[in-house]
Amino acid sequence: MSTYNVAVLPGDGIGPEVMAEAIKVLDKVQAKFGFKLNFTQYLVGGAAIDAKGEPLPAETLQGCDNADAILFGSVGGPKWTHLPPDQQPERGALLPLRKHFKLFCNLRPATLYKGLEKFCPLRADIAAKGFDMVVVRELTGGIYFGQPKGRDGEGSDTRAFDTEVYYKYEIERIARAAFDAAMKRRKQVTSVDKANVLQSSILWRETVAEIAKEYPEVQVENMYIDNATMQLIKAPESFDVLLCSNIFGDIISDEAAMITGSMGMLPSASLNEEGFGLYEPAGGSAPDIAGKGIANPIAQILSAAMMLRYSFNLNEAATAIENAVQKVLADGHRTGDLADNSTPVSTAEMGTLIANAI
């Protein structure tokens, strides 16, 4: 029997509540599909600041080092905003984890589920077609990290500058990640760039074309970022995998998230070259609803499914979770964020419904 060690970092706000439901669902699939998950919980974020005085204690990092994957909840809240920025939960925990594990690839699925069309802000005829896409975003290069970066001059001559830099090897590895994702899906990649203006995008487009030759089954399309943001609104059903640089992926993934209608539905994964990953909901810690039992656990549950698929290659078990989520939603069960006129189910009830549907 295959055994995997999972570092569980529930974090702050609704993190512990939704994490409990993800573990409940994982317990069900490991029993059904015959593999073993060993869960070890660690403090992170504000919870770690309160208990240990720092957002990412040494024992948490050590535990993550010893694990095969990290299942992450959410961090942050108004309680810790008075701290210096680099000591706050988000910057003091997530960014160091990404750096330590060299997590260069961010996967953000965006799916409009049947029965949830009314929550989609797009026109009804567009929403009726549904959509199921994943944004593959490069996380460690580009304008956020490129040098030189800074300010000089004074008065009206004050100047600020950032540099968009990409090495070919950075583009090669993120392109392969996107094509690998496409092979597990509908075999379409849309590479997003600005190759009519930017040198970095010209290299991006050239490199993606080279990598595409390794994946003859995958259909590739190049699209300028400005057009991509429009097509995402006009015809979201036409996208499968969107391959983006850091800044373009930052923008596109949030746009894709918004048109699903609920942040409580959106998982994400950040991976390194070895397939080690950190899996977390795309939404925040929502301290305003923490402890009330009304948070939507689906994003955390789907993040767990992504862990099974991308770090452990347990595709059948991952699909079973995703199908269970679809079935529960199709049966009309909703947490408060999605309840229309129906009586909403609690966080724990939603987790139990999904576990029972596997």
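Each Cβ is built from the backbone N, Cα and C atoms, and glycine gets one as well.
Substrate binds R98, R108, D226 as Swiss-Prot records it, and from the list R137, R185, R186, R205 the residue named for this site is R137. Taking P89, D254, A286 as the binding-site residues under consideration, the smallest Cα distance to D226 (substrate binding site) is found for D254. Of all residue pairs in R98, R108, R137, D226, the annotated binders of substrate, the farthest apart have Cα atoms separated by 28 Å. Here the binding-site residues are D226, D250, D254, and the one ringed by the most other CB atoms within 10 angstroms is D250.
Taking the mean position of the Cβ atoms of D226, D250, D254 as the Mg(2+) site, the remaining residues of that chain whose Cβ falls within 8 Å of it are I225, T229, I247, F248, G249, I251, I252, S253, E255. The distance from the Cα of R137 (substrate binding site) to the Cα of D250 (Mg(2+) binding site) comes to 7 Å.
A strand conformation is recorded for R108 (substrate binding site) in the three-state DSSP classification. Neighbour count (other Cβ atoms within 10 Å of the Cβ, all protein chains): 22 for G77 (NAD(+) binding site).
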